[in-house]
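What follows is a single structure, written as structure tokens, with notes after it.
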Amino acid sequence: MSVSKPPPPHSHFPPTNPSSHLPLPPNSTSSPSPSPPPSAGGPPSPAMPPPSPVKISMQEHFAINVCPGPILPIPQISDFFPRFHDFPITPLPPREKKILKDKDKDTVADGEKDRKKEREQEENGQFAESDDEDTYLGTLEFNLLFDQENNCLHCTIHKAKGLKAMDSNGLADPYVKLHLLPGASKANKLRTKTLKNTLNPVWSETLVYHGITAADMTTKTLRLCVCDMDRLGRNEFIGEVRVALKKLKEGESKKYNMGLERITQTREGNSQAVDSGAPVAEEERGRILVSLMYITEKSSLVVGIIRCAHLAAMDTNGYSDPFVKIVLQPDMGKKSKYKTTVKKKTLNPEFNEEFAYEVPHDQLAKKKLEISVWDYDLGMSNDFIGGVELGINAKGERLKHWFECLKYKGKKVEYWHTLTQQGAPSSD
């Protein structure tokens, strides 16, 4: 195959073989051959014809104007990462430890004292303003009241001020979330309503924790988190405050105005709970409020199932569908077994149901009352959450509750009891 191409003005490939079959035009740089001068009276010489196109092969066509140039070295990884070398590098000299002088030691000690003083102020509900605008997250104002008679902790969330802007419009959609530590979960989580487009929200909401005993007040810590709700994404954390409940006196409403912080999560609270709480074998599965009353006129024991609190989650959605079974042992047939209604998707159900057993008063000392909480599963076996046993052979609060019921006839006696795995019923 051949290609017709006009000759370039300066060919880079002069013919090496003079006997080639490709005719080349005469070189313009060569010296012109002498031609006879035109005669004065003769006719003019005819014009030279244009040069014919050069015919070259395809191989020569691809070889024209190709100049590879100098061969450059291939870059190595050490050119991009200088720390990778084929030869050893002398290590850097060790850093010199700065020796603190007496003045520096005094400065460090003063700083530790200041931080200790700030922590004491925050625990007492006082707030010291920060001059750093980058770390300022806002303040939260709230009240706490412990009602020991009803075993309730009332948390009144008043307002927040100067919250950090979290949305693109320079505002936020804040709400407050409450947890009891140790053991933060959906069982003891409460939250306020969400207020839209504000950095100074006013909630004025009262959230109540039921089943809080005096022993809990000595070991628990209340955590209040302020978050920004985002409908299109994940809710954003703004800041939090923590209050040790052991400093809260019974019946006293204490007001707090604290600055929000970003506190890293630790497992100290869980370790404290294991050390100071119940044995590991009696893991707490929730609590139940039970009332007992013996009516002499009807010779009957009235058992009231009022409510449960902080139940263990048994379903994949983080909740349970709880109901309560009560059995008076020794078994008296169908009349000894009762069951409450099922409360859907909750860990803090409220039942307010009563059941009566016709039994003589002198026989109650030989009886025991088994109370168990279950999670209802449609088409499957129900899951056992926890239970408690009241009777003359019980201990602690359970024995005290049963004894007061036998002693004070006609009086309704209410007690909170802890649900454990050991409280499983002897017969289902």
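Heads up, the Cβ atoms here are built off N, Cα and C, so glycines get one too.
Note that TrEMBL annotation is computational and uncurated.
Copied over from TrEMBL, here are the features:
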| type | residues | note |
| --- | --- | --- |
| COMPBIAS | 1-17 | compositional bias 'Pro residues' |
| REGION | 1-55 | region 'Disordered' |
| COMPBIAS | 18-32 | compositional bias 'Low complexity' |
| COMPBIAS | 33-53 | compositional bias 'Pro residues' |
| REGION | 91-132 | region 'Disordered' |
| COMPBIAS | 94-122 | compositional bias 'Basic and acidic residues' |
| DOMAIN | 136-258 | domain 'C2' |
| DOMAIN | 284-417 | domain 'C2' |
DSSP residue counts for the domain 'C2' (136-258), split into helix, strand and coil: 12 helix, 62 strand, 49 coil
DSSP-derived helix, strand and coil totals, residue by residue, for the domain 'C2' (284-417): 22 helix, 64 strand, 48 coil
Averaged pLDDT, computed only over the residues in the domain 'C2' (284-417): 90
